[in-house]
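Over in Swiss-Prot, the protein carries these features:
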- 15: phosphothreonine (MOD_RES)
- 15: N-acetylthreonine (MOD_RES)
- 69-93: transmembrane segment (TRANSMEM)
- 134-155: transmembrane segment (TRANSMEM)
- 178-200: transmembrane segment (TRANSMEM)
- 255-275: transmembrane segment (TRANSMEM)
- 291-312: transmembrane segment (TRANSMEM)
- 365: site 'Susceptible to oxidation' (SITE)
- 367: [CaMn4O5] cluster binding site (BINDING)
- 447-471: transmembrane segment (TRANSMEM)
């Protein structure tokens with residue numbers, strides 16, 4: 001059961017750096033992989049691989065808890081979250097914990113509880129990881145057949161896939177329950193500048209939910225990233241949760257069809273490559289979502305989006321010059337277009353100047369000033385509220401720009417604040433991780449396909465320089 005086939009047949013190109021070093025008896029001779037290849041040594045040791053995965057989960061959860069507490073310890077309630085370099089507290093605030101009207105933090109205790117719960121969970125996972133890595137059975141197939149598997153067993157693999165899908169569906173429903181029953185979530189569109197509210201009228205219409213998927217990714221369409229009310233977001237999670245759970249049950253109860261058996265490679269490395277591809281797609285979508293969407297990622301916590309900061313600047317100076325007596329409806333700019341207001345390609349009244357390229361921005365502080373044909377001149381003259389002025393001035397000076405040395409803001413802007421927006425960090429990190437995961441997908445997919453075809457192109461190791469060097473030890 002342990003070794004259906006020799007791994008060395010599939011991986012003939014691995015060369016040992018240090019022939020005498022073995023880790024816990026899992027050496028290159030028995031696994032086909034040297035110590036530095038990490039979990040590849042555990043491909044056929046399901047018990048030890050379980051330990052590695054549980055320990056890894058423990059490290060992830062430990063980071064979450066420790067970083068959470070670190071952010072709580074450094075948090076200053078008087079400053080906006082996005083000015084403090086926080087990347088975890090904005091997520092907790094978005095879920096409606098500890099915040100009130102306008103996104104003001106009124107209680108940090110829920111954040112503390114979150115950190116402690118994650119630390120406790122990480123201890124449990126850490127213990128489980130150490131137990132399965134060092135003490136538990138090497139393989140699960142004999143003693144716990146339900147948890148055992150053989151990579152080539154297609155039926156078992158789709159059952160495991162089904163279990164994962166059900167867990168993902170439950171995760172989607174956790175957000176739904178939080179929004180519907182457990183205190184609600186933060187809605188940046190709530191009247192007067194955002195507030196926590198329970199979502200009562202969830203969007204379940206398939207034409208709306210799946211219509212997002214059919215939108216163009218460009219311009220004013222924006223694919224799923226254009227979603228701009230919480231009813232749609234929570235409704236989308238209801239649909240995703242149902243689809244994941246039903247799909248999970250389907251995969252548990254059925255065996256792969258003949259076309260799938262032929263089309264896919266059925267090996268551990270192939271499954272790794274599929275997973276990396278999926279995570280890569282998630283990373284790229286998350287990058288765009290964080291960068292452009294100010295509903296799922298409220299600007300009160302993450303800072304304004306790029307278009308939002310730009311439009312806020314135009315709005316701020318419109319307010320200033322209007323007070324100084326400018327006629328903002330007819331003033332001409334240096335290009336001959338409107339200085340403060342102009343028309344979009346489709347006829348709406350929009351902000352003039354360089355920010356015209358961001359004319360399709362939608363933001364809670366700006367929408368009340370729109371009429372049926374874009375920005376409403378009479379509202380701009382009579383209806384601008386102090387909170388809209390304050391927020392736009394704040395967003396104008398906190399554009400999500402930054403450089404590698406963490407000197408943020410617009411380089412030429414005398415009013416800018418030296419900071420780096422968490423929006424920049426989250427967007428950039430997810431893009432970079434998405435890219436590397438995609439490269440990993442290509443790498444492992446290529447190896448898995450080569451192994452399945454019975455050959456593997458590798459470097460010819462006969463004359464490799466390392467072979468003539470003295471061993472490390």
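Numbers run from 1 along the shown chain.
In case you wondered, yes, glycine gets a Cβ from its N, Cα and C as well.
Shown in sequence order, 193, 312, 387, 388, 391, 392, 395 are the residues of the chain, 6+ apart in sequence, with a C-beta less than 8 angstroms from the C-beta of residue 365 (site 'Susceptible to oxidation'). Around the residue listed as '[CaMn4O5] cluster binding site', the C-beta neighbours below 8 angstroms that are at least 6 residues distant in the chain are 189. Listed stretches 69-93, 134-155, 178-200, 255-275 were compared with the transmembrane segment (291-312); the greatest number of C-beta pairs under 8 angstroms is found for 69-93.
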